[in-house]
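Trainee: Sharing a structure, written as structure tokens. Questions coming.
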Amino acid sequence: MALPREERSLHGHANIHVNQTTGPAIDKAESSDTIGADSEDGIEQEGQAKITTLARTLSRISQTNSGTEGLNPFLNTSDPELDPNSDQFNSRKWTKTLLHITSRDPERYPRRTAGVSFRNLNAFGYGTAADYQATVSNVWLKAAGWLRGLFGNGNKVRIDILRNFEGFVNSGEMLVVLGRPGSGCSTFLKTIAGETHGLWLDKGTDIQYQGISWDEMHSRFRGEVMYQAETEIHFPQLTAGDTLLFAAKARAPANRLPGVSRDQYATHMRDVVMAMLGLTHTMNTLVGNEFIRGVSGGERKRVSIAETTLCGSPLQCWDNSTRGLDSSTALEFVKNLRLSTDYTGSTAIVAIYQASQAIYDVFDKVIVLYEGRQIYFGRARDAKRFFIEMGFDCPERQTTGDFLTSLTSPTERLVRKGYEHLVPRTPDEFAARWRDSLERKQLLADIEAFQNEFPLGGSKKEEFSRSRAAEKAKNTRASSPYTLSYSMQIKLCLQRGFLRLKGDMSMTLSTVIGNSILALIISSVFYNLNETTDSYFSRGALLFFAILLNAFASALEMLTLWQQRPIVEKHDKYALYHPSAEAISSLIVDLPAKAPVSIVFNLILYFMTNLRRTPGHFFVFYLFSVTTTLTMSNVFRWIAAVSRSLAQAEVPASIFMMILMIYTGFTIPVRDMHPWFRWLNYINPIAYSFESLMINEFAGRKFHCATYVPSGPGYDNAPLDSKICSGKGAVAGQDYIDGDRYLEVAFEYYPSHLWRNFGILLGFLFFSLVAYIVASELVRAKPSKGEILVFPRGKIPAFAKKVHREADPEDVLTSEKLKVGSEQDDHVGAIVKQTSIFHWQDVCYDIKIKGQDRRILDHVDGWVKPGTLTALMGVTGAGKTSLLDVLANRVTMGVITGEMLVDGRMRDDSFQRKTGYVQQQDLHLETSTVREALIFSALLRQPASTPRKEKLAYVEEVIKMLNMEEYAEAVVGVLGEGLNVEQRKRLTIGVEIAAKPDLLLFFDEPTSGLDSQTAWSICSLMRKLVDHGQAILCTIHQPSAILMQQFDRLLFLAKGGKTVYFGDLGPNMRTLIKYFEDKGSPKCPPNANPAEWMLEVIGAAPGSRADQDWSDVWKHSRERAQVQQELLQMKQELLQRPQPPRTAGYGEFAMPLWAQFFICLQRVFQQYWRCPSYIYAKAAMCIIPPLFIGFTFWREPTSIQGMQNEMFSIFMLLVIFPNLVQQMMPYFAMQRSLYEVRERPSKAYSWKAFMLASIVVELPWNMLMAVPAYFCWYYPIGLFRNAYPTDSVTERGGTMFLLVLIFMLFTSTFSSMMIAGIDHPETASNIAQLMFSMCLIFCGVLASPDVLPRFWIFMWRASPFSYLVGSVLAVGIAGAPVHCSDIEVLHIPPPGGQNCSGYLEAFTTMAKSTLLNPEADSDCQVCSLSTTDQFLAGVHIKYSELWRNVGILFVYIVFNTVAAVFLYWLVRVPKKRALKKAKKE
């Protein structure tokens, strides 16, 4: 029964935030229910106004006499009931006190409320009911369809989601939204809250907020209507206290109580809300996420609720916010909302699944949705009567909420006798009944009256604007939805940014350490360069490396930005700050992190290598390096901000980085650039920096000559005028090369460009900064589609192809075709009846937390018998899942004691395989279909002795039994594009049943987060399995009384893993109730939910206290003694049973290793085929960069610079390596997490089969990619022309292809080796990048073995790229004549009286140079090389070593594979030894 409003508002804790400027005074609690209700009761408007005035007067008198007058709770904490940090804190008293103070000065604290009315509300989207799955072969058809859609010729179908909704919610009221998943609950809430991203509203839609239009509310007053989604997204590095303090500060009003600073206000509000929601103990705990340990899941949910609460919106839309909370905490949350609405006049619209009667009774109104139709709107207390009068029946103990939702499920609604042909059946019939009802007519009249009372643009809007304006800080625009000014937003985001930095220093520290190591390595390679012409190339290479590493230091910022983007978008919707304010602050926050990285790296690099050691030149070097880092940081951030998904950003970014590298001006000098790509050099900021660094190093400097031409025997006494220095820019007769001339001749660089370039760089910096800030403010992430099923092409069932205009993308296939329960039982006969009994005694489980032993389970006893369904319940954190994991033998750490026996015998290796474990998370391979997932489980987990045909037949039985025929061919996909929540849960159960478990099934929270109908269907399914001989142990929280009736026994745990009860439940749970009542608990009320009553009895419900220690009561009870006795008896009797023969000879696994390998390999091949985005991203990296490199180095001549360019073209081809590695790692990690979390504990297959299949699947694809990479790179550069002189064009072409193939295979196996033992792909990518850089530095291109210090020679030998580059260069250019370009020809005047031939013949013969004009007697022209082999010898490459190198490369590939398997075993395979030792100890 619903409590009267006054009682309800004072029942339990008053636990919700009050915005001091939101809502009417406290009297709202005593005002009448609604306009509609009053008119219905015959009270006229005039009379109502009088009653309201009277109530307000009485309320004010009661406040004045409350004894809290004048006490400011923000400053005065003398009253412990007003101090949120006190145990005696009373939130109701705090609320009353605050409202009393603010109501005395209505001018300073104007109030605002926002009720809502809606008429003709129609929302729709575009899409299809079912889509076909993209594969490598059919993705082109999708692309064609997308192009047609782009030009307006697509077959986009309008899908109506909400149809003709009508209703109104007054300020101070609460509306509950009921409907099954897919009925449009979320869409309705989003529409009211203005979150229509990807949705459209019909033109006639009329939504008003007490005189404010929909458009104005969601622009000027954005953040005043809030939508709180199901998901929890927060910065994991922040503590819960800091997260909430940020929200409190962002919405802290300007019109605070006198003497209260903004910080005092925010801190106090934060403390109050945390106290109200029971979060005070998490104040200094990190929020965390899946990867970072932090608060628990339920606490994280409450942090989200607290954040929304602190924003103080007058209208709040809560979407399934109780998901993951136990029933008592969920009730407490709804009561808190009730208090907020009663005291402050705020309005709450709440979609809730599995609403208990106590929760339902808190609400004023209810709206019931059925596949996008409204079938009821009105008072919550009248809804049940409305449908019972229609002809439906509500079973005893079924909650009103469950009854209303069950009406929308054909299999679950019950019709009263005699009404079978009178009740509506389809959604349209229900909607028609509602439209023709008297209740609707009354509702329309009430909406009319509501809108007349609050006309658009009337006084209510003025009042609202005034209240909002009073809160805003100075310098805030009148039309701005934000409370703070722009500068204050930046300051606030800055504070949070530094807290995030402090919370996770690992990234900064690892970057500083990593860059320092890299600087030391590079500096040691180029250690103390001499100041002769020999160091020219080395200095250029060093500066090239330095500027690239500075430029690309910020590339990973793209990833960080994408991780925080959903959080920033959420806060923007809450109107906490501009996204651009966060963008600016994140740039500033990163500066202190960038500074140490930059200083350490550049200092080491500059001074160790003997670059120009003067303060001025170092300053110029550092200035350009830092400016380049900042410019490129903005460019990468801009790319991330512009792209609407991370995948969209990755391939373009890597190609963009490669373009920047090539067109910096070192790998291909400006004079050699082809006109079609020359422009890329102009728009490359790094090119300007590189030019300035070269000018800074070489300009105004003379380098002594290291080698003269001619030199050697006979030339020692030749005059200097007849010699020339060997190098570009040399002049005969000079014993040095002038730096300025070298820059001009070799690079076309001029000293006058030094500061011009800095100006251009600043231009790039400013432009990219503005572009990033603008993009971050304007570009939104991609909206998700509505829920649709995806099928393999050609297998879309006929019913799914028909897209009706009524179809609902939230769940188009809400299955009206569900069969009646009795028809399904025919298929259950296939289930194997279990005979074994699983029993355990005195089970304890201890783990170490921060060096302290902590007991998770404390002497737990129990058993599960075939044909029984046992519930495992407990308070949050009681160790329910831990007990399930310990019993299922899935624990890999900690100390376990006690006995866990099957028929009196210890569990053997096959135990995990013989049990099914239905996990809470529905983890499945996204690309597989439902049938394939079941077949995979059946093939691997059923005994090898069972024929394949029999296994497949059993899968069909499972599909029928679980009613999955309609979507058996559907692809699992991701939520929204694939199976919905219920279908996923059924598949999770199906996968375990398909394995034919011999012993029992464990279920972990199978109903968590489901609506009551889905929860009921899952419980009915478990009951059905049990009735056919299965044994099931199932953890459950938030169960309704009806759900609990499905269970036979209960094991209840209190905090610390102590048993409170283990035994039968009895009919209507009488046995359980009797146990507690006999032991002195209060009586259970007749209509109460016994599960919730029990939580209150043992003190687990918030606000309840136990009058005795119930675990102690159990310990000394007669019932426990009986349990102990029965366990002892079982142990003795069951041992007498004959032991069944072993069904499989493979112990741990059902199938032999070779069979496991082939089944796994088939699945991963299928997965890759169905991931066209991955395969085509790989193809793009193997086509676009090679093609680009090919056309950049188009038809290189065999000049000295030409050969160097060809060498760099190989070097640049290697640069695609890290991108290919990065692409592969997330796919491996996805497969691995599925294996480790679900398939390994189930003993489906061995880790060896998993690893080998994951390595082998990559090889064919990479071999295929070698083909385009080879053709796009080898032929445009023209390397094949070098084979003409030796007449080996075909042979060398084939060998080159082999080398490209080896490179691709090496890439593939190297990726597997790097990710094998490492958790996160990002970490593995970073380590792979470091190792790649090392291989590249020591491969002999940037620094030849002659230049390398002796210490590093071993690295040159160890680097696989040394052999790869050596082989590719040898095959590409060996044996061809060299033709010097004009700037490479040396001009030497012969001594008087000698011609060129006579003077230089001895030298050219000895040095194998070419004399171009032997007969001339002046200006002798010498090309210092005659064949390409001389160039190769200079970098220690011999053609004769080609096949030795190929052999060594194959050894590397084998090594990578073996290392991948070994590392996986070493790091990730649980070692049983550790656990056994722990047990012994």
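The chain as shown is numbered from 1 upward.
Keep in mind that glycine also has a Cβ here, set from the backbone N, Cα and C atoms.
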Trainee: Transmembrane segment per Swiss-Prot sits at which of 129-149, 507-527?
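Mentor: That would be 507-527, the stretch labelled transmembrane segment in Swiss-Prot.
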Trainee: Which stretch does Swiss-Prot mark as transmembrane segment, out of 343-363, 616-636, 679-699, 1141-1161?
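Mentor: Checking Swiss-Prot against the ranges 343-363, 616-636, 679-699, 1141-1161, the transmembrane segment one is 616-636.
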Trainee: Within 10 Å of the Cβ of N320 (N-linked glycosylation site), how many other Cβ atoms can be counted across all chains shown?
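Mentor: Excluding its own Cβ, the number within 10 Å is 21.
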Trainee: Which ones in the same chain are close to G874 (ATP binding site), with CB under 8 Å and 6+ residues apart in sequence?
Mentor: K880, F1052, L1053, A1054, V1060
Trainee: Is it possible to get the count of other C-beta atoms within 10 angstroms of the C-beta of V875 (ATP binding site)?
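Mentor: Looking across every protein chain shown, the total is 21.
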Trainee: List, in sequence order, the residues of the same chain other than G874, V875, T876, G877, A878, G879, K880, T881 whose Cβ lies within 8 Å of the centroid of the Cβ atoms of the recorded ATP site.
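Mentor: Those within range, site residues removed, are S882, L1053, K1055, G1057.
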Trainee: Test the contact criterion for the transmembrane segment (1210-1230) and the transmembrane segment (1298-1318): 3 or more CB pairs under 8 Å, pairs 6 or more apart in sequence, then answer yes or no.
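Mentor: Judged by the Cβ rule, the two regions touch, with the required three close pairs present.
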Trainee: If one looks at the chain holding T881 (ATP binding site), which residues at least 6 apart in sequence have a CB under 8 angstroms from its CB?
Mentor: Q920, D1004, E1005, T1035
Trainee: How big is the gap, in Å, between the Cα of N320 (N-linked glycosylation site) and that of T876 (ATP binding site), rounded to a whole number?
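Mentor: Cα-Cα distance, N320 (N-linked glycosylation site) to T876 (ATP binding site): 19 Å.
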Trainee: For a quick check of understanding: among the binding-site residues G877, G879, which residue's Cβ has the most other Cβ atoms within 10 Å?
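Mentor: That would be G879, with the most Cβ atoms nearby.
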Trainee: Measure from the Cα of V875 (ATP binding site) to the Cα of every one of the glycosylation sites N76, N530, N1395, then give the nearest.
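Mentor: Nearest in space to V875 (ATP binding site), counting only the glycosylation sites, is N76.
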Trainee: For the transmembrane segment (507-527), which partner among 542-562, 616-636, 1327-1347 gives the most CB pairs under 8 Å?
Mentor: 1327-1347
Trainee: Is it true that the transmembrane segment (1249-1269) and the transmembrane segment (616-636) have 3 or more CB pairs under 8 Å, sequence gap of 6 or more?
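Mentor: In this chain the transmembrane segment (1249-1269) does not contact the transmembrane segment (616-636) - fewer than 3 Cβ pairs sit under 8 Å.
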Trainee: To the nearest whole angstrom, state the Cα distance for the pair G877 (ATP binding site) and N530 (N-linked glycosylation site).
Mentor: 67
Trainee: Through the lens of DSSP with three states only, how would you label N530 (N-linked glycosylation site)?
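Mentor: Coil, per DSSP.
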Trainee: Between N1395 (N-linked glycosylation site) and N530 (N-linked glycosylation site), what C-alpha distance do you get in Å?
Mentor: 36
